[in-house]
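Now, the feature entries from TrEMBL:
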ACT_SITE  SER400  active site
DOMAIN    50-213  domain 'Polysaccharide lyase 14'
DOMAIN    322-524  domain 'Alpha/beta hydrolase fold-3'
Amino acid sequence: MAKSDFGSVSGWHNDRAMISNKNLRITLRKNALSGESGIVSATRIPDGSAYELDFDVRFHSQFDWSRGGKVGFGLGIGNRNTGCNVPFDGAGGTLRLMWYNDGNRVYFYPYVYHAGMAGPCGSNFGKLYPSSGSLEKGKWYKVHMYVKSNTGSNANGHIQIKINGETLIDQSIRWTTNDSKRLISNLSFHTFRGGSGDHWKSDVDSYIYYDNLSVRQITQYILTATALVVLYFHCATFWDPRFTNETIAFLQLASRNASPQGNSLEVKTMRQGIEYLHHASNEKFYGTFKGTLEESTVKTNSTEIPITVYTPTDANKEKLGVYFHGGGWVIGSRKSHQTIVNTIADATKTIWISVEYRLAPEHKYPIWLDDCCDVTQYIIQNKTNFGVNETAKIGVAGDSAGGMIASSVARTVKNVDFQILIYAGLDITRETPSYNEFTHQMYVLTPELMDWLKEHAFETSQDLKDPRISALYNTSLQDVPPCLFIVAELDPLRDGSLEYQKLLEKAGVQTKLLLVKGVIHGYFSLPGIFPQAVAESINTIQDFMVSI
């Protein structure tokens, strides 16, 4: 969420807030309660039916717990009731956090106002944190909140709080009953002592520190769907300064639409998500292909593989390309990648065939690779059936896992004439330096996600060192066809391509490499989000295909 997304701010006091070692430090004044002791601030945020909120909080090493108070950021719905103003009219609610000292120990608990609450002040249902022992001074606590508004008088809203990954509350709730007061519109910052009564006060000033605030509006139609990006991506509080504006816009979109249940990777959800992501991003290109699309199948010894043949108007009859989609061998399809394949076909005036190879985990290695080899071999042997001349050159291409497949097919199948490898996975063992350079979630293709994909795609870890899988394990490369590498600069797979290019050049193979600056893994199949980066890549593909 950008600064421009925020509206008016009220209740802020600069005399009680300062930046200390890049953290926000709030002073809680001695002998005072509520807003007089700290800050009670409200910030207008865009109306939404669901929001996620994260922040870190730490109590100073000399902090006086007193009885307790409100701490940190929260979310307000409708009239955003607080201060023992029970929403009997069903027109408002709030979710905040409180620290409390019961005389034996100190802990956090949720502090909630909602329709139907028992009153007279905020409900404190949910678990305590920690469940035993006390909060520690000087220790950082990571707070995660999720609020979804309900409909009508239904208890189909939601409330969730986690602290350091431990769930305090995660349940359905009836926030409001007034349709005109339904939406979340307020980011609160309540840091003060109280309660009421002198026993809540302290006779010394104390400090609380904050860091890593992240606020994300969640659009209802996304939910858990944008899997590849958001299931393992939560909004970074900083960006790599090398990111292009397109990359930043993409990551901001992904973080705003992230699922609150986003750390659970399931094959079905991931597959739905990759399809939705590509559909939502590239829908404006549908129906723009200047040519014909034909669905067909290729019969192999074990199955029939669906293919789509893209034949542009005035197609060159001397070249044909076979495309393998990305998705870590587990997700993705011809449909998810249809926009980029027809873009390549249009731009190069070349017939391209997209292959629906079988996916893991239902079909683990070597099945999906054998499918692609078999289809390519069939196309080479029957090229004239696809509208090209007998003398036509046949090439292979793919992005990510599809690029890995293309490189393997080019080494395995005879009479492949060229290859285009787009941020291909050429070092599946993760031994090149870029794997260690780009581990943060803002680069999307995290080590955890890669491990998850490999666990589903391969039977054993020994498969990863098979020369058919990891290109860098090959020692005889002199018969490999000319190769175009398209590489994302900020991608853990980057160095695998750089190393493989060196090996091919050493073997005397013609190569060309485009390093696309400032972009991350996955950009190529999303021209609706990365128009400039994709255009640069497509232009390079055009030039390469002319040169061969």
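Note: Cβ is positioned from N, Cα and C throughout, glycine not excepted.
Heads up, TrEMBL stuff is auto-annotated, nobody curated it.
Since we're looking at a predicted model, the values are computed, not measured.
Mean pLDDT, taken over the domain 'Polysaccharide lyase 14' (50-213), works out to 92 on the 0 to 100 scale. Under DSSP, SER400 (active site) is assigned to coil, being neither helix nor strand in the three-state scheme. The Cβ of SER400 (active site) lies under 8 Å from the Cβ of GLY326, GLY327, GLY328, ILE422, TYR423, ALA424, GLY425, LEU493, HIS521, GLY522, each of which sits 6+ residues away along the same chain.
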